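Record features (TrEMBL):
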type   : residues : note
DOMAIN : 52-87    : domain 'EF-hand'
DOMAIN : 88-123   : domain 'EF-hand'
DOMAIN : 130-165  : domain 'EF-hand'
Amino acid sequence: MFDTMGASGSADDINAMEIHHWYTKFMKECPSGQLCLHEFKHVLDLHGLTPEANSYVEQVFHTFDMNKDGFIDFLEFIAAINLVIRGKIDQKLKWYFKLYDADGNGCIDKKELLSIFAAIQAINGQTNMTAEEFTNMIFQKIDVNNDGELTLEEFISGVERDEDLMELITKSFDLSNVIKVIQNGRRHSI
């Protein structure tokens, strides 16, 4: 499973030391081994968020909480972080899709995409287009049947077909980047 090929992204692998670091942080914040939403924000040092950023973090929490018990345990936490940092692109796209699909109906509509992009902008701070422009562009490019909703299939095949879009989505929604920004206390945000 672990690749020792060096160049193929092994610098991004979560190694034992990192897992240990996360585990220590996790257990310090959360001796019960179960993170509720409030503690999750605390572990990632998220304070004083805008309402948009806050709803994004809540959506991330619910996406991490795989068994939907209202808590994230350490395995769910590491699985999520590992996916974010090392996951294959179609796994990430599926994950992004789940993240955007706020009401869980299996489709993303413009409102959902708009609110999640606005939230990510609030955390990341760097972007060269508005949330509206971004949303309209995505729908223009990949909403094949023009019904104003994206299914998982439309989303994945649309993004994988379009290199520019792939790069944009990966950059904008790269959670490892978001997590880094969050961990650094948003020193670099504008």
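Keep in mind that glycine also has a Cβ here, set from the backbone N, Cα and C atoms.
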Overall pLDDT for the domain 'EF-hand' (52-87), taken as the rounded mean: 79
Residue distribution over DSSP helix, strand and coil in the domain 'EF-hand' (52-87): 26 helix, 2 strand, 8 coil
